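If you check TrEMBL, you get these features:
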REGION    1-31  region 'Disordered'
DOMAIN    64-318  domain 'Protein kinase'
BINDING   Lys93  ATP binding site
DOMAIN    319-371  domain 'AGC-kinase C-terminal'
Amino acid sequence: MYSRKGYAPNSKDLNYKSGNSSEFQEGYTEQQQQQYTNHLKQLKTEFEQRWRKTPKFPIAFSELDRVKTLGTGAFGRVVLMKHTKSGKLFAMKVLEKEKIIKMKQVDHTLYEKRILEAIRFPFTVSMEFSFKDNSYIYFIMPFVPGGEMFTHLRRMGKFEEPLSKFYASQVLLALEYLHFCNLVYRDLKPENILIDRNGYLKITDFGFCKILQGRTWTLCGTPEYLAPELILSKGYGFSVDWWSFGVLLYEMNAGYPPFYANEPMKTYEKIVAGKYRCPSSFNADLRDLVRNVLQVDISKRYGVMKNGVMDYKNHKWFRGIVWDAILNCRIPPPFVPKYKNPGDTSNFERYDEEPIVPTSYCRYESEFLEF
Ligand SMILES: Nc1ncnc2c1ncn2[C@@H]1O[C@H](COP(=O)(O)OP(=O)(O)O)[C@@H](O)[C@H]1O
Ligand SMILES: [Mg+2]
């Protein structure tokens, strides 16, 4: 089931120069974290510069050909597109203005666009360019061909521990980066985590992500992954992402989420009570980690306590993870998805194709002026 072949680190991502000893060292020292924090400060400055800048587009929309639908969501669909001249492949998220308006998501969608344009991290997707026409908004991103973590998780049943550790370490670094840039993600789940052709992860879908100053109250996310403080309509902060991280840890290792019922209301009751059971396959270290993350009491939750992410980086379950080597994509991945030829979409589900036809007059021009 696992392949060690086909591993190709992306040279563009190999930009973090850590201290000489850290390449082989397990855990993470205060000194390494201090050095990494300086790197994060640089990344944050770059994020802020791009946040303020209007990007230029190298490609005209008309140069792209539609290939196939990769996914569908509440406001539109994501389609594989091919640049005719270069053969380059893109994933294009198509959002219908009317649906965005009806579901009161204009602000969220504007955030999604600006955040996608501004973030750059090895384990997150980012925007190549965007367009709008009379009816739709289009976000064009690099195509991540390995499919959703969700698909592979359901196919395999659950992940072997080395694979969940490998994935968890990347999600953790991505959350650390986003939070450092003051971004709360709010929709962590296997459906939004893609696997790249090198076997490393790319988090996609920044539809609920926003810059957070202080606290926020919006109810958004996916039932099984919602944090108790969010369900209880208390003001919340970055803690909600760490809770979802705990749910993800559990689901990767068990094959199903810790809080589940037939109706969302029942799921919420279980979440708020913080009651779940670990399968017997969970070892003591994993149980201990999950217990420290799925803490209803925020003051006891890993990720938001005074040691921040260091509680994770030095937890026993992550023993063996060389953080700087993960960041630089230097660890051979335990699993590499099959990708037979450029444009192979066999890692994605099949969807009915629907035409994308803009109206002849411009709809909601003023509402989408900033896009
Ligand atoms: N860059 C990408 N490369 C390949 N597939 C993608 C990409 N971005 C999104 N997808 C696919 O499209 C699906 C829907 O995209 P997403 O941004 O999550 O939309 P929604 O907000 O509707 O959930 C994803 O779950 C994934 O399967
Ligand atoms: Mg999604």
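From the backbone N, Cα and C atoms, a Cβ is placed for every residue, glycine too.
Non-local contacts of the residue listed as 'ATP binding site' by the CB criterion (under 8 A, 6+ apart in sequence, same chain) comprise Gly76, Arg77, Val78, Tyr138, Phe139, Ile140, Met141. The DSSP breakdown of the domain 'AGC-kinase C-terminal' (319-371), given as helix, strand and coil counts, is 5 helix, 0 strand, 48 coil.
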